[in-house]
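Annotated features, as they stand in TrEMBL:
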| type | residues | note |
| --- | --- | --- |
| ACT_SITE | LYS66 | active site, proton acceptor |
| BINDING | SER15, LEU16, SER17, THR62, ASN87, ASP102, TYR219, GLN248 | shikimate binding site |
| BINDING | GLY127, ALA128, GLY129, GLY130, SER131, ASN151, ARG152, THR153, PRO154, GLU155, ARG156, LEU217, GLY241 | NADP(+) binding site |
| DOMAIN | 7-89 | domain 'Shikimate dehydrogenase substrate binding N-terminal' |
| DOMAIN | 111-193 | domain 'Quinate/shikimate 5-dehydrogenase/glutamyl-tRNA reductase' |
| DOMAIN | 241-268 | domain 'SDH C-terminal' |
Amino acid sequence: MTDRYAVFGHPIAHSLSPDIHAAFGRQEGIAVDYRAIDATPDGFLAALEAFAAEGGRGANVTLPHKEAAFALCTTRTARATRAGSVNTLLRKGDRWHGDTTDGAGLVRDLTDRHGQDLRGRRVLLLGAGGSARSVAPSLLDAGIRELVVVNRTPERADELIDAMGEPGRALSRYWDDLHDLGDFELIVNATSAGRDPSASFKLPLSLVNSMTTAVDLNYGDAAIAFLAWARAAECRNTVDGLGMLVEQAAESFQQWHEVRPDTDAVYAGLRGNHRLTGEE
Ligand code: NDP
């Protein structure tokens with residue numbers, strides 16, 4: 001049976017992951033069978049079982065299944081355990097092994113592609129969902145000075161911070177108190193708020209200093225609102241989630257095929273079709 005790979009999500013029709021994995025496969029001379037599978041929360045487990053029965057060897061998992069994917073794994077990497085979130089599944093015998101590659105993908109994009117030195121930075125993380133949970137430990141491991149997590153539902157920010165186990169360096173604050181938090185060298189939008197076309201980000205200008213980089217994990221239309229705020233606030237750099245998407249995919253590809261693809265060519269191809277919001 002041919003090995004199969006897939007991304008599960010809901011909705012998933014516009015996912016770029018099949019194109020990215022196909023491009024990596026061409027680059028490495030590997031015939032990759034990678035599809036997008038739409039599964040509702042109720043249907044996710046059954047869809048994953050059917051996929052495994054048809055030769056499914058690896059899968060990416062995106063919104064809204066990352067926590068369900070974490071729960072179904074028999075074994076997990078240390079970083080997935082710390083994040084409580086899984087976006088990469090590898091079939092081992094009749095079980096699933098889970099990893100989270102979002103955080104490593106973001107850090108690699110920021111450091112290698114955008115030349116950012118994260119050490120010593122004060123970082124504001126907006127959001128406490130699956131991607132924020134993956135991003136937070138990776139940022140801490142990259143040597144940032146302080147991580148402040150703010151989420152619409154404050155209890156989830158508290159849970160995220162508790163899971164980090166670094167009370168001296170990582171703390172949660174209320175969204176309503178954003179104007180009292182001082183300024184940050186890095187502001188990361190890990191919310192899905194921008195997926196709502198009526199969304200606007202009215203964040204205090206006091207969050208920004210002369211060094212601030214603003215990163216949206218989203219790209220395309222979903223990144224418009226946050227990055228428009230970042231430009232109006234005169235952030236020094238603005239970065240969308242396209243590079244992270246390619247880097248987290250490369251991390252997954254490496255685990256499944258045991259070779260690390262070159263991401264620059266694939267990123268350049270996608271960037272040609274997805275201008276960074278605000279670019280001419
Ligand atoms: P989750 O559904 O797990 O979390 C969503 C987060 O957004 C929660 O913190 C939620 O807050 C917050 N949120 C939703 N709506 C609003 C709103 N109107 N105002 C403020 N906060 C809001 O999603 P993920 O963490 O998996 O993904 C978040 C975003 O990041 C998605 O849009 C996704 O596409 C993108 N992403 C991009 C990746 C990439 O490779 N570029 C990788 C992973 C994700 P609350 O807890 O209160 O509900």
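Residue positions begin at 1 at the first shown residue.
Each Cβ is built from the backbone N, Cα and C atoms, and glycine gets one as well.
Annotated features, which come from TrEMBL, shown on the structure.
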residue	record	DSSP (3 states)
LEU16	shikimate binding site	coil
THR62	shikimate binding site	coil
ASN87	shikimate binding site	coil
ASP102	shikimate binding site	helix
GLY127	NADP(+) binding site	coil
PRO154	NADP(+) binding site	helix
TYR219	shikimate binding site	coil
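Residues 5, 16-17, 20-21, 23-24, 27-28, 30, 32, 57-58, 60, 87-88, 90, 99, 101-102, 104-106, 108-109, 113-114, 215-219, 223, 274, 276 of the same chain lie 6 or more positions beyond the ends of the domain 'SDH C-terminal' (241-268) yet place their CB under 8 Å from a CB of it. If you measure from the Cα atom of TYR219 (shikimate binding site) to that of LYS66 (active site, proton acceptor), you get 19 Å. With respect to ARG156 (NADP(+) binding site), the closest of these binding-site residues in Cα terms is THR62, chosen from SER15, LEU16, SER17, THR62.
Fewest other C-beta atoms within 10 angstroms, among the recorded positions LYS66, ARG152, ARG156, are seen around ARG152. Taken in sequence order, the binding-site residues SER15, LEU16, ASN87, GLY127, PRO154 that lie near ligand 1, meaning a CB under 6 Å from one of its atoms, are GLY127. Distance noted between the C-alpha atoms of SER17 (shikimate binding site) and GLY241 (NADP(+) binding site) is 13 Å. When pLDDT is averaged over the domain 'Quinate/shikimate 5-dehydrogenase/glutamyl-tRNA reductase' (111-193), the result is 97. Of all the binding-site residues listed (GLY127, GLY129, PRO154), PRO154 has the fewest other CB atoms within 10 A of its CB. Across the structure, ARG152 (NADP(+) binding site) and ASP102 (shikimate binding site) are spaced 21 Å apart at their Cα atoms. Taking the Cα atom of each, SER131 (NADP(+) binding site) and ASN87 (shikimate binding site) are about 9 angstrom apart. Checking Cα-Cα distances from ASN87 (shikimate binding site) against the recorded positions (LYS66, GLY127, GLY129, PRO154, GLY241) with a 10 Å cut-off leaves LYS66, in sequence order. Cβ neighbour count for SER131 (NADP(+) binding site): 30 (other Cβ atoms within 10 Å of its Cβ, all protein chains included). The CA atom of GLN248 (shikimate binding site) is located 17 Å away from the CA atom of GLY129 (NADP(+) binding site).
Within the domain 'SDH C-terminal' (241-268), the DSSP-based counts of helix, strand and coil residues read 22 helix, 0 strand, 6 coil.
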